[in-house]
Amino acid sequence: MAHQAHSYHMVDPSPWPIFGAAAALLTTSGLIMWFHYSSTTLLTMGLLSMLLVMLQWWRDVVRESTFQGHHTPTVQKGLRYGMILFITSEAFFFLGFFWAFFHSSLAPTPELGGQWPPTGVKPLNPLEVPLLNTAILLASGVTVTWAHHSITEGNRKQAIHALTLTILLGFYFTALQAMEYHEASFSIADSVYGSTFFVATGFHGLHVIIGSSFLTVCLLRLIKFHFTPNHHFGFEAAAWYWHFVDIIWLFLYMSMYWWGS
């Protein structure tokens, strides 16, 4: 980008949006191939392509913000609005899953045995692994806030410790969720209960993985001295996203695990 005499967000032409779209197409096509033909070749190609695009796109954004100084206060304001709108759209995305769940559970059809959970489905105990996962995500919300306060106070060492702990809690949550899926007595094919449960909690789990990846990039940037007390929107966006994931989990726990069981 040539030298600019204004504070507005004018980006260079970038190949990453179209490459990202192609990688997403490969990934979703690969999922279909995996589901129907048990072939993971296309899915692996899609995931690797997506990872490469993410790394190079992040590299460009880091260069523009940290080294070229293009993320002026005006640009940061626009990025904040963008992140708020993105999180709002994600909230409506999950609203659809809650709608499907309550539509099915509040008036169970004769095909479900006229009851909820449906006949033959043994729900998970909400006081076991789900409760532990709730405690883990709430604790991670505390540690990410601790990291944010440490950055604003210029305490880099403490921020690194807090952010590392947050990431470890995120991966611990993912491991427990995978174990829970493996040990569940029902599958995604077991009536509308299995469908809504696995789709809603599965997409939430995907968001936890995305948030953990986002925070990991922030940790690497923090170690490399990219953040200052006044200039750390990359971390702020990741923290907002992480708090959103926390809140969605609380609604999932209260509705699908506790009330729905």
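Using N, Cα and C of the backbone, Cβ positions are placed for all residues, glycine too.
In this model, the topological domain 'Mitochondrial matrix' (1-15) carries an average pLDDT of 69. According to Swiss-Prot, the feature topological domain 'Mitochondrial matrix' maps to 1-15 (among others), an assignment based on similarity to another entry.
The transmembrane segment feature in Swiss-Prot is assigned to 16-34 (among others); the stated evidence is similarity to another entry. Sequence-remote contacts of a segment are chain residues at least 6 beyond its ends whose Cβ falls under 8 Å from one of its Cβ atoms, and for the transmembrane segment (16-34) they are 40-47, 49-50, 52-54, 56-57, 60.
Using DSSP to sort the residues of the topological domain 'Mitochondrial intermembrane' (35-40) gives these counts of helix, strand and coil: 3 helix, 0 strand, 3 coil. According to Swiss-Prot, the feature topological domain 'Mitochondrial intermembrane' maps to 35-40 (among others), an assignment based on similarity to another entry.
For the transmembrane segment (41-66), same-chain residues at least 6 beyond its ends with a Cβ under 8 Å from one of its own Cβ atoms are 1, 11, 14, 16, 19-20, 22-31, 33-34, 213, 217, 221, 226, 233-234. Feature annotation from Swiss-Prot assigns transmembrane segment to 41-66 (among others).
According to Swiss-Prot, the topological domain 'Mitochondrial matrix' annotation covers 67-72 (among others), on the basis of similarity to another entry. Helix, strand and coil counts from DSSP across the topological domain 'Mitochondrial matrix' (67-72) read 1 helix, 0 strand, 5 coil.
Remote same-chain partners of the transmembrane segment (73-105), defined as residues 6 or more beyond its termini with a Cβ less than 8 Å from a stretch Cβ, comprise 7-9, 112, 116, 192-193, 196-197, 199-200, 203-204, 207, 233, 236-237, 240-241, 244, 248, 251, 255-256, 260. Under the heading transmembrane segment, Swiss-Prot lists 73-105 (among others).
Per Swiss-Prot, topological domain 'Mitochondrial intermembrane' is recorded for 106-128 (among others).
Taken from Swiss-Prot, the feature transmembrane segment applies to 129-152 (among others). If you look at the transmembrane segment (129-152), the same-chain residues 6 or more away from its ends with a CB under 8 A from one of its CBs are 158-159, 162-163, 165-166, 169-170, 172-173, 176-177, 179-180, 208, 215, 222, 227, 229, 232, 235-236, 238-239, 242-243, 245-246, 249-250, 253, 257.
Under the heading transmembrane segment, Swiss-Prot lists 156-183 (among others).
Each residue of the topological domain 'Mitochondrial intermembrane' (184-190) gets a DSSP state, and the totals for helix, strand and coil are 0 helix, 0 strand, 7 coil. Positions annotated as topological domain 'Mitochondrial intermembrane' by Swiss-Prot: 184-190 (among others).
Within its own chain, the transmembrane segment (191-223) is flanked in space by residues 54, 58, 62, 66, 90, 93-94, 97-98, 100-101, 104-105, 111-112, 116-118, 121, 123, 137, 144, 151, 156, 159-160, 163-164, 166-167, 170-171, 173-174, 177, 181, 234-235, 237-238, 241-242, 245, 248-249, 252, 256, 260, which lie at least six positions past its ends and keep a Cβ under 8 Å from the stretch. Residues or ranges marked as transmembrane segment by Swiss-Prot on the basis of similarity to another entry: 191-223 (among others).
For 224-232 (among others), the entry in Swiss-Prot reads topological domain 'Mitochondrial matrix'.
Look at Swiss-Prot and you will find 233-256 (among others) tagged as transmembrane segment. For the transmembrane segment (233-256), same-chain residues at least 6 beyond its ends with a Cβ under 8 Å from one of its own Cβ atoms are 61-62, 65, 71, 76, 79-80, 83-84, 87, 90-91, 94, 98, 101-102, 126, 130-131, 133-134, 137-138, 140-141, 144-145, 147-148, 151, 166, 170, 196-197, 200-201, 204, 207-208, 210-211, 214-215, 217-218, 221-222, 226-227.
According to DSSP, the topological domain 'Mitochondrial intermembrane' (257-261) comprises 3 helix, 0 strand, 2 coil. The topological domain 'Mitochondrial intermembrane' feature in Swiss-Prot is assigned to 257-261 (among others); the stated evidence is similarity to another entry.
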Summary of DSSP states over the topological domain 'Mitochondrial matrix' (224-232), given as helix, strand and coil counts: 0 helix, 2 strand, 7 coil
Long-range neighbours of the topological domain 'Mitochondrial matrix' (224-232), counting only residues six or more past its ends (CB under 8 A): 62, 66, 71, 151-154, 156, 159, 218
